[in-house]
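Going by TrEMBL, these are the annotated features:
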- Gly8, Arg11, Arg91, Arg137, Arg140: CTP binding site (BINDING)
- Gly8, Arg11, Arg91, Arg137, Arg140: ATP binding site (BINDING)
- Asp21, Asp23: Mg(2+) binding site (BINDING)
- 4-122: domain 'Poly A polymerase head' (DOMAIN)
- 149-210: domain 'tRNA nucleotidyltransferase/poly(A) polymerase RNA and SrmB- binding' (DOMAIN)
Amino acid sequence: MKQYLVGGAVRDELLGIPVKDRDWVVVGATPQEMLDAGYKQVGADFPVFLHPETNEEYALARTERKQGHGYHGFTVHASPDVTLEEDLQRRDLTINAMAKSVDGAVVDPFGGREDLEARLLRHVSSAFSEDPLRILRTARFAARFAPLGFQVAEDTMALMKRMVAEGEADHLVAERVWQETCRALHEKAPAVYFEVLDACGALAVVMPEIGALFGREGREPLDHLEKATERSDDTDVRFAALVSGLDSGEREALNSRMKVPNDCKELAAASGSLLERFPADDNPSAEQIQALIDEGDGWRRPERFERILLVLESVGIGADWTTMLAEARYQASQVDPKALMAEGYKGKALGQAIQRERLRCIHDVVVSK
Ligand code: CTP
């Protein structure tokens with residue numbers, strides 16, 4: 001049996017960036033030979049094994065065929081006769097379809113190296129279109145490597161457009177869409193992910209609410225996302241900035257279909273509803289500021305309020321205002337309920353006294369600006 005490092009590890013090594021996971025392909029072995037050599041099988045029917053010590057993945061060389069739509073109906077064929085080239089050929093992009101033997105020789109039958117140099121994301125073969133998830137993956141790699149100058153190759157963009165036009169993207173399961181989107185939001189230039197999906201027509205199919213938002217507001221949501229990307233590495237802040245222009249009905253529809261996790265959903269809802277209430281022209285009054293902090297639940301969860309402020313700043317509420325909001329919240333949070341209790345306040349009157357004192361502190365901040 002022969003073993004080769006494949007996929008992302010070879011790509012990243014050649015790009016000179018740190019390698020995260022190392023995946024291997026094994027040519028010329030049977031499952032039994034892998035088990036005999038001490039590897040552990042992952043899943044009963046799948047030809048993937050874990051190395052007993054490193055826990056890295058070793059997959060038997062395989063080919064894949066597809067009859068059905070979407071990503072249903074795959075037949076996997078793994079046997080000792082499948083060659084390394086055949087295994088590389090079933091992969092998505094040329095830069096992901098290179099291998100390296102243990103003696104260090106790079107095997108590159110599809111011009112991955114050349115495309116790395118030309119900064120191109122190019123599909124390996126027409127088999128790309130058998131898996132619609134690859135549209136999202138290509139957009140995600142574009143988002144990761146855009147700062148290095150990478151672009152989607154013209155013929156690959158044309159192929160992705162054809163796939164969308166033929167309805168392949170209709171079969172993507174919403175949870176998978178979120179999974180890829182969430183990963184994309186972590187990348188260096190997440191706005192590029194949405195740009196690529198928009199350019200090939202997939203955005204309107206997989207995230208129609210965001211597609212409609214782009215239709216209404218043009219580049220603005222992407223500007224918001226870019227500003228949020230500069231300010232925070234966190235998915236929830238980036239997501240909330242992107243979707244800030246949706247109305248609550250659209251946001252709900254998007255969130256529930258994609259099963260967006262609570263932290264992202266809540267931050268988007270809180271910042272969205274705050275934005276709706278934010279006075280458009282004048283500086284907010286002390287009462288308005290108090291209502292905004294109330295609405296964002298900034299009294300009990302100051303960390304979340306900080307995140308809301310990051311979103312507001314990203315969508316263009318002036319830095320002066322967000323600084324003022326932060327300062328107002330901080331000063332008002334210093335109001336000590338115990339001191340008021342010592343003065344004899346309790347129950348509902350105590351709650352009112354706390355709010356009154358807070359308002360006084362906020363007022364002082366507003367006046368001093
Ligand atoms: N692959 C593919 N089509 C998919 C998923 C994966 O062709 N739908 C192939 C690619 O060749 C990829 C390899 O399987 O390089 C491993 O997939 P994955 O670990 O998801 O990607 P990496 O390229 O390793 O990228 P990352 O750095 O994000 O882990």
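Each residue, glycine too, has its Cβ placed from N, Cα and C.
All annotation found in TrEMBL is predicted automatically rather than curated by experts.
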Q: Please list, for the domain 'tRNA nucleotidyltransferase/poly(A) polymerase RNA and SrmB- binding' (149-210), how many residues fall into helix, strand and coil according to DSSP.
A: 47 helix, 2 strand, 13 coil
Q: Rank the binding-site residues Asp21, Asp23 by the number of other Cβ atoms within 10 Å of each Cβ and report the first-ranked residue.
A: Asp23
Q | Integer mean pLDDT for the domain 'Poly A polymerase head' (4-122) | A | 92
Q | Proximal residue to Asp21 (Mg(2+) binding site) among binding-site residues Gly8, Arg11, Arg91, Arg140 (C-alpha distance) | A | Gly8
(Q) Can you name every residue in this chain, apart from Gly8, Arg11, Arg91, Arg137, Arg140, with its Cβ inside 8 Å of the center of the Cβ atoms of the recorded CTP site? (A) Gly7, Asp92, Leu93, Ile95, Asn96, Phe141
**Q.** Composition by DSSP (helix, strand, coil) of residues within the domain 'Poly A polymerase head' (4-122)
**A.** 30 helix, 36 strand, 53 coil
Q | Greatest inter-residue Cα distance in Å for the ATP-binding set Gly8, Arg11, Arg91, Arg137, Arg140 | A | 16
Q | Cβ-based isolation winner (fewest other Cβ atoms within 10 Å) among the binding-site residues Arg91, Arg137, Arg140 | A | Arg137
Q: For the binding-site residues Gly8, Arg11, work out the Cβ neighbour count at 10 Å and name the residue with the minimum.
A: Gly8
